[in-house]
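Enquirer: Pasting a structure below so you can have a look.
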Amino acid sequence: MTPHINAPAGAFADVVLMPGDPLRAKYIAETFLQDVKEITNVRNMLGFTGTYKGRKISVMGHGMGIPSCSIYTKELITEYGVKKIIRVGSCGAVRMDVKLRDVVIGFGACTDSKVNRIRFKNHDFAAIADFDMTMAAVQAAKAKGLNVHVGNLFSADLFYTPDVEMFDVMEKYGILGVEMEAAGIYGVAAEFGAKALTICTVSDHIRTHEQTTPEERQLTFNDMIEIALESVLIGDNA
């Protein structure tokens, strides 16, 4: 047990899918996993373990923002022996070729947060996903006949940013989606010797102002989840 996770030792699988919303974690567990058990519920940050096609997998919420996800991912890695973390979340698009409900695989993550500079002695840390996990996700998407975008995300500290001109800079530099966690998760994984990947569904478009509903964000986005789950099986067989 930790101050934030009350699961017993051995309760988590070596791979954990992590949405921000704990109710999305519940949805994933109940919809896609078999033999599901709730294993943690501190602060209502729900976590579950079950099996997917016979493979033990866990799913747990990580909350919103880098500080929250950093707590949970660090404790999962150092206290529960988790080896791989796959964030499955939502992002906002700034490029016109990235559409609402498209799936984005974040091979890298830029950020305006200072957390990786703190852990990397005030130098710039290149926050990237694990290559093999990324390739497995791309392979899983192709097997499903899905087109996905692979590239850089931007992990923002502020949801309501006062610097809207930054979106123009992001578009110029080819940022695929804006979210709030990937760079932090990649930093934690690097620091503590784990592997990580972020897969997002575009929930809103910053340019067109299109958006999905809160219910859609909680209860759908199944393509992203299936890509994540199938990528685990592909990784096991690599």
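Numbering starts at 1 and runs along the chain as it is shown here.
Backbone N, Cα and C define each Cβ position, glycine as well.
Taken from Swiss-Prot, the feature purine D-ribonucleoside binding site covers His4, Glu179, Met180, Glu181, Ser203, Asp204, and the record attributes it to similarity to another entry. Sequence annotations record features per position, and here Swiss-Prot assigns phosphate binding site to Gly20, Arg24, Arg43, Arg87, Val88, Gly89, Ser90. The active site, proton donor feature in Swiss-Prot is assigned to Asp204. If you look up Swiss-Prot, you'll see Arg217 marked as site 'Important for catalytic activity'.
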Enquirer: What binding-site residues in the list His4, Arg87, Val88, Glu179, Glu181 lie within 10 angstroms of Arg217 (site 'Important for catalytic activity'), counting C-alpha atoms?
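Expert: Candidates kept after distance check: none.
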Enquirer: Using a 10 Å radius around its CB, how many other CB atoms surround Ser203 (purine D-ribonucleoside binding site)?
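Expert: Other Cβ atoms found within 10 Å: 23.
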Enquirer: Are there any residues at least 6 positions away along the chain from Gly89 (phosphate binding site) with a Cβ closer than 8 Å to its Cβ? List them or say none.
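Expert: In sequence order, Pro19, Gly20, Glu179, Glu181, Thr198, Ile199, Cys200, Thr201 meet the Cβ cut-off.
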Enquirer: Out of these recorded positions, Arg87, Arg217, which one has the fewest other C-beta atoms within 10 Å of its own C-beta?
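Expert: Fewest other Cβ atoms within 10 Å, among the recorded positions Arg87, Arg217, is found for Arg217.
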Enquirer: Quick one: of the binding-site residues His4, Met180, Ser203, Asp204, which has its CA closest to the CA of Ser90 (phosphate binding site)?
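Expert: If we rank His4, Met180, Ser203, Asp204 by Cα distance to Ser90 (phosphate binding site), first place goes to Ser203.
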Enquirer: Return the single residue from the binding-site residues list (Glu179, Glu181, Asp204) that has the minimum number of other CB atoms within 10 Å.
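Expert: Sparsest of the binding-site residues Glu179, Glu181, Asp204 by Cβ contacts within 10 Å: Asp204.
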Enquirer: Given His4 (purine D-ribonucleoside binding site) and Arg43 (phosphate binding site), what distance in Å do their CA atoms have, once rounded to a whole number?
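Expert: Cα of His4 (purine D-ribonucleoside binding site) to Cα of Arg43 (phosphate binding site) measures 8 Å after rounding.
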Enquirer: Measure the Cβ-based neighbour count of Arg43 (phosphate binding site), defined as the other Cβ atoms within 10 Å of its Cβ.
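Expert: The answer is 14.
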Enquirer: Could you check which of the binding-site residues Met180, Ser203, Asp204 is the closest Cα neighbour of Arg87 (phosphate binding site)?
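Expert: For Arg87 (phosphate binding site), the closest Cα among Met180, Ser203, Asp204 is found at Met180.
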